[in-house]
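Right, one structure below, let's go through it.
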């Protein structure tokens, strides 16, 4: 492998040093690249047009239309690229098409009106009326189309609308050459494209593929930090003390609790640059196991604290300042007790809303805070993927972005984040036993650290094209660390099992075991047994302790499989960027004995000892029974009476599916009802005819009304003269500020006005700077043009950097400041007298246009951010219901057991993933489970395929034929899952307009942001939990859960109730279902989960089932418990956010959902069910095998692999005899 790694290593000599500097220079930052692009574009355009003769040649009007528009439009295209991710070439194409369509429509209206007026071009009533009529119709259609096909023609429709609105207003006063402005406008658009596209493509380009790599690399680094923090919390001696991110104090957590459970704003994460691109690459040397147990060095601790949380520099400074302020107050004794009490109340409320124990909130909350930017980065990368097909990267060997491999990388990264967060969910209740986890703290922390290093190395390879050789060496260290962890756990559990067997052998018969003896005929039912003795309690606690340890082990295994899957895709993702990377990756995966040892140990863990040693059962269900003090044999209703779950007997009755009842819409009285009915009918008629929804129609009407109002500033002669014939600028403002939400219009108007003020100051400064450098004159001397060019270039660069540096929500301020600065400084540029008064007229017209737009947005069929939040959240919940249906459809074996359907599905999934043809070989499940002991032989050299599993192989050439990055289960849910995450992310993006909206006729007047943020977080958690089981099945390449086959009817009812609960919550948010009715569907979901769990535990085990079959079934049941618990929290949060005016409904829902007796069969069932997650997701580590297995080699050389491949037949694919069969033995 060294030779292969050397081929993909860094180049020698000066080039290597230059590349090392370049990859970690400020030019890799988005804001720096955007600043350089804008500066270069400004310099080129001013150098081209500064000559007076050239300037006047392209001038339509000295003030309104001149080469300034070329500079404005070109830089707008570049800045728009950073804001939206659209390739600059596509922006140019849409700008040209939109202006062409709008110009043609404008000329058509103008000449049509000329014909109607009999050829009279003088301003008049008839001309004005006709222009307003036809122009408003065109603006309505273009605006409604813009928001209907927003992902396809948004920019083109905006340019079309702008061309029509401004073109008609300019032509109104024209007497001759009516076509002149439109032709000049087309010319300016074409020139701007000629400048912006080469600059955006060749000067430090920002292609969408570059953004995808950057966001994915950021997400990988953040995920590694999240996983490491979760493991630190898992192994901490006192988690409540807040061992994770000690810089963030409990008071800081209280501040976030007071604002809805989040600290800081995550809306700015897109502009936060990666300040640790050089972290862990080349990777650090192998970690010393003894060193893991020692305290970290001061430098390492400070470095980790600096990079933990991925916050912006300003937020870090603010957090540090807040912490120092708190310390200062504590030292001086001036902190009031009331503030501490208030903070404690906030923490308790937020902890209860999230299902976190209050004293653990300060430790758990930072992990949630760290996971938010990771999820947002993945979502941003996924959103940019649709633009990668229309761009060319001139500076990479792979000029066309390989979108298919990066889709797979994003899928694996998303599932890895979900798996890492699954470590946190069972811990936050505080009931998990962590003694065994702390015993293996060193091994667990080392494995997590190696996963983090692997993520950092992979991020460096993907973003900076760093050599893949060191990254593969780091992957080998990860595999070795996990193998050592698995070995240590196996040896430890062997010793614990021997000790427990000795205790059981010496202990007398317990009361529970005595109750197993059936009473005589006619005897009454025995009374509840006395409390179990200390040995039983100790055995139960030890079992629960082991469950928590296996949770961490299985989650780490899942994360390892995600990391390995991403490394497998490296050759496809890098494509031509690195030579020899395919051979290096093939050498590692085809001959890695470490991971083969891990899989062998997990596959050979079969519970054959259960029958031989009935006193010490180890099978999954028996382990659960032992933790509940249940008998080892299948329990009965009589044996349950003496257990911890005695009160669970009433849950055995199969519940029915509860459906939320729709509520009748509120009826208004009198004229209000008639107006409302007529409005609905009108919008319905428009939708039938045009296909525009009510919101799209409303936005089109708003644009038409606002434009008509602004046109009166142009049509009325006295007003037109009073504004110095500059009222066209107000028309321009109407178009560019128009947004789909009232809150967005308010916020954008504020940014527009403040940006215009700043632009006026900067423009006047540049103007008088050129006058000063020109000898206090504005004559056309070279000094004037040189000084103006230099001033505008220098001012443009920081403003362009601010677009990318300070977030999408604030970017418009910098865009306006940059572009309006040109229109203030450059009018009359080729003449001998400056025009500083234009800054005041522009500010006045801007204020008038903003006032008109605000009035129209509020009064004419307003579309509020609150209604958009309702719609996006309801859509996210419906999407989660669809994802749950897709996930649960894989739980039971398919009805068609011929194998052809599964092979066809697997082949389709493989083609979608780009890995070649996949062949799925699944055992035919006999109709009688007694025949299940028989096993079919797999491929030669592969382990046997156990019942109910699917061994996934592919038979293409090269290393891809040996392992598959992900299977068909994840392929099915990938798109709907990412779409659901996108809808959830929409609510987060709506927080800014929601913050500024005020509704005087609604209660509450402002949207409750705290419950809204909490709902957003719980929606993400719900989707994580729903998809975690699909991740588990994919991690072990299984596609069915045979244990649940006898309970297909109950399972179908449970899944149906889950779907009804999610749909009920969606309808509740949409307003068609009452909050109380939705809460009842959630309560019914919990009853279904209770009944299903007890039926599975009370049933006889099916013959021939492997350990993996049993653990997967229990994992599914445990996951449903978790889903029910999250649904309860989510229902309460959604009610507080979206039904805050329904006091009665909130009270009724709280009475149903906060009643502990309603939610637990006894005081421990829900807690134990949550702990069941750990056992069900665990794997037994093959104690006998692991203890005797010698340490494997970490890596093999590429030369050895090459020598082996040359001995094969020419027609045989390389490494064809090294196929790896994925044989799962557990759920994760």
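Keep in mind that glycine also has a Cβ here, set from the backbone N, Cα and C atoms.
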Candidate ranges 899-947, 948-996, 997-1045 [criterion: TrEMBL lists as region 'Disordered']:
899-947
I need to check the long-range neighbours of the transmembrane segment (810-829): which residues 6 or more away from its ends have a CB within less than 8 Å of a CB in the stretch?
38, 50, 55, 62-63, 66, 68, 71-72, 75-76, 79, 82-83, 748, 751-752, 754-756, 758-760, 762-764, 766-767, 778, 788, 791-792, 795-796, 799-800, 802-804, 835, 838-839, 842
Selection from 34-57, 95-113, 153-173, 406-427, 727-747, the stretch that has most Cβ pairs under 8 A to the transmembrane segment (185-212):
34-57
With an 8 Å cut-off on Cβ pairs and a sequence gap of 6 or more, do the transmembrane segment (95-113) and the transmembrane segment (153-173) reach 3 or more such pairs?
yes
Checking distant contacts: for the transmembrane segment (153-173), what same-chain residues at least six beyond its ends satisfy Cβ-Cβ under 8 A?
64-65, 80, 86, 91, 94-95, 97-99, 101-103, 105-106, 109-110, 123, 127-128, 131, 135, 138-139, 142-143, 145-147, 181-182, 185, 189, 703, 707, 710-711, 714-715, 720, 725, 727-728, 731-732, 734-736
Count the CB pairs under 8 A between the transmembrane segment (63-83) and each of 34-57, 125-141, 406-427, 727-747, 753-773, then give me the winner.
34-57
Between the transmembrane segment (125-141) and the transmembrane segment (699-720), are there three or more C-beta pairs closer than 8 Å, counting only pairs 6 or more apart along the chain?
yes
Applying the under-8 angstroms CB criterion, which one of 34-57, 406-427, 727-747 scores highest with the transmembrane segment (699-720)?
727-747
Please give the sequence-distant neighbours of the transmembrane segment (34-57): residues at least 6 beyond its ends with Cβ less than 8 Å from one of its Cβ atoms.
27, 66-67, 70-71, 74-75, 78-79, 82, 195-196, 199-200, 203-204, 206, 780, 785, 788-789, 792-793, 796-801, 803-804, 818, 829-830
Six or more residues out from either end of the transmembrane segment (727-747), which same-chain residues have a Cβ under 8 Å from its Cβ atoms?
64, 143, 147, 158, 161-162, 165-166, 169-170, 695, 699, 702-703, 706-707, 710-711, 713-714, 719-720, 809, 841-842, 845-846, 848-850, 852-854, 857-858, 862-865, 868, 990, 992-997
